[in-house]
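Colleague: Quick one: the structure is below, and I'll ask about it shortly.
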Amino acid sequence: LRRLIFRIRYSRLRDYTPRGTNILHKAESLVNLNRIPLPLLDKETDPGQEWIKGVLLCAWGCSAILALNVILAIIAIVVAYKRPSYSDRHFEYAELYRGSCSTTNGWTTGMHLVINVLSTALLAASNYSMQCLSAPSRADIDQAHSKRTWLDIGVFSARNLWAMDARRKLLWVILFISSVPVHMMYNSAIFPSITTREYGLVVIPDDPGMSEPLTRSEDAHLSFTQRVGYSPEDVRAEYLNRTLKPHIDVSECLKPYDIEYNTKKGTLLLVVPAEHIDGSPIVGSFDWDTPFPFHIGARRFGGNLNNLTYPGWSLRAPGNSTWLHLRDFFDDHWFPFSKQCQFYFSLPISLTVIGCNIAKVICMYLTARCDRRSVLLTLGDGLSSFLHKPDITTKGRCLMSKLDMTTGELPWCRDPYISDTLDTTPLGEMRNSQPVQLRRLPQRLPRRSRWVRSPGWKPWTLTLTFFLACLGTSIFLFHLGFLGTTPMWAQEMGKPTGDTVFYDGGNVILLILLANSPQLTYSFLYFLCNGLLTNMRLAVEFNDFATNRKPLRVSWPKGQQRSAYYISLPYRYGFPLIAVSTIMHWLLSQSLFVVKIRALDVYDNELEEESTTACSWSSKAILWTIVVGSLAMGVLIGLGFRRLPSDMPLASSCSAAISASCHPPPEDTEVSLKPVKWGEIINRPRTSTGIEEASEHISENDHAEDTQIEYAHCSLTSEPVMRASPNVLYC
């Protein structure tokens, strides 16, 4: 909202109303983070500690989510334990609702939507706090540079993690670990069941007499009732009164039964013309002895039709050659039954998520209590700090890039190019002692590079390996499901089939962990992709200073600086990444999931032996996961081949390379508060001698003689600059 107001304020729309600027200025101030009251903040933050308000705001947001989670859990517990004693209630899960399947599915969809919104907000607040913990301060960077090493600015890295003190490491690890159950369990706190029902099947002549019984003995009467769920008298009365469903084509009649899990239909009545039977009052009556007719062949059904004289019939799909014989003489009716789906709540999962939520709130509050100043969250924060107080350890190497940290003629992290005083003396003590003479390395402007070089080959290798491993596993599962007997396009996303159910009868919590393990895997993949994109966008933002003069984008703007509306990724990259991540997580929830199958007999009594809880996968959802994942990987690789806007050295997130570009002329005061541009400083002598000759000067002359050689210099500055030339040596 503030970004939108900012753009309108500085657009052409402000010229159409004289009062528009004042109104927009007031609106912008109303949505300012600094105006949000925070009860835990006793006083105004000191300069350099403005980041505390952002962390406290995250803590209060997580506290609100915690309160909502506790309220919802209490409501669910009360509802579950107030239900009748016959309801499905266990320690791992409890029944909240039993009734219409459409109502159950609606509640499931709605609650999963709420859960995903809450989990996204919870994880976003946690990531912001982790970013604040891992972001280096200017003091951390000065200490690292004095030891001839460097830290990352604007991105998270293991390098920053090792540089943290013990307290920050502990808080970061707890925030990270507490996110794992949110990824793996939160979506399974609420889940539905599939109710599948046995059904009876009766074959009778089309003209049963009013007084003629359908069974001839007491045993046959009892067997009929047990198998069908209705007495012979009820079946005959319903048929003669025409209260059953009217005549339809037999293929349409049997189509709802041609499924693996019967969730809609009851007893089926097949009516045979009298000329096709031998005069018996009933041709056959029986039931499927399992709620999964996928396991029953049509020949078994035929074995019970002893009185049927027609030679050819089939209950198989209409494509079979014998289907026409069946259509010739079968009529049909059926008895519907009330659908009984269930809606479950898992108390252990809910308590685990609440515990993680509490841990996050405590860690965020403790993070805000850390006494840290001048935390550099974004690239603009680092540039502003180095321009305000240039780093003397990188002076004289204005073209230093991230690659120069460990390679090149004078690697910055290996062979010191400054005096021995800097190697052993802390930076704070060194500044108070005698001036240190620096050795410079003249360099030529590098060639224009591509985005792919910014992160380096290790992050790319790890990300692409993870991508291929995830896609390979998905392709393997899709292949297994594709070989099944149920056509893939006939399957429903998130619904089990006989071919895809596996690992049934296990502990519910273990099944939930197994089903949600891909969620954690793809969350790590999102973390890797976010790191790659952030690193590449940092390089683009940094290199853009060589082509455009613009103010710095900082977390807490002063002067003409711009506000940072995001920490790492711009919205045009961050929102699509979040959208793809959300779609992938939803597809994963439909690809691999926990399913509770509740089997009922013809009397709607639960069959304990047939009911089960298992894991299942959906081939159709896995296919879409493969498609979306492949497109995401292709887009990421495609972005890597884009060219950077200029031939400015590739600093990426390296603090040393960033600081090397921030040595403006001494007369350029308050440069960090003004629009800046990178280029060659005007009125500075040029030296176009070769690199070899310059190296000889450096190696043969002492420090005093080296400082007498004048080279052109490039830097970020608010003063006019020239475009850097590849034929000139700079230092």
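The backbone N, Cα and C atoms fix where each Cβ goes, glycine too.
Worth saying up front: this structure is predicted, and the values here are computed from it rather than measured.
In case it helps, TrEMBL gives these features for our protein:
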type: DOMAIN; residues: 51-206; note: domain 'DUF6536'
type: TRANSMEM; residues: 54-81; note: transmembrane segment
type: TRANSMEM; residues: 169-186; note: transmembrane segment
type: TRANSMEM; residues: 343-366; note: transmembrane segment
type: TRANSMEM; residues: 460-485; note: transmembrane segment
type: TRANSMEM; residues: 505-528; note: transmembrane segment
type: TRANSMEM; residues: 571-588; note: transmembrane segment
type: TRANSMEM; residues: 621-641; note: transmembrane segment
Colleague: Can you find at least 3 Cβ pairs under 8 Å between the transmembrane segment (505-528) and the transmembrane segment (621-641), where each pair is 6 or more residues apart in sequence?
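Modeller: Counting Cβ pairs under 8 Å (6 or more apart in sequence), the transmembrane segment (505-528) does not reach the transmembrane segment (621-641), since there are fewer than 3.
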Colleague: For the transmembrane segment (460-485), I need the partner stretch with the highest count of C-beta pairs below 8 angstroms, choosing only from 54-81, 169-186, 571-588, 621-641.
Modeller: 621-641
Colleague: Given the model, what does the mean pLDDT over the domain 'DUF6536' (51-206) come out as?
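Modeller: Summarising the domain 'DUF6536' (51-206) by its mean pLDDT gives 84.
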Colleague: What same-chain residues lie close to the transmembrane segment (571-588): Cβ under 8 Å, and 6 or more beyond its ends?
Modeller: 3, 116, 120, 518-519, 522-523, 526, 529-530, 533, 537, 565, 621, 624-625, 628-629, 632
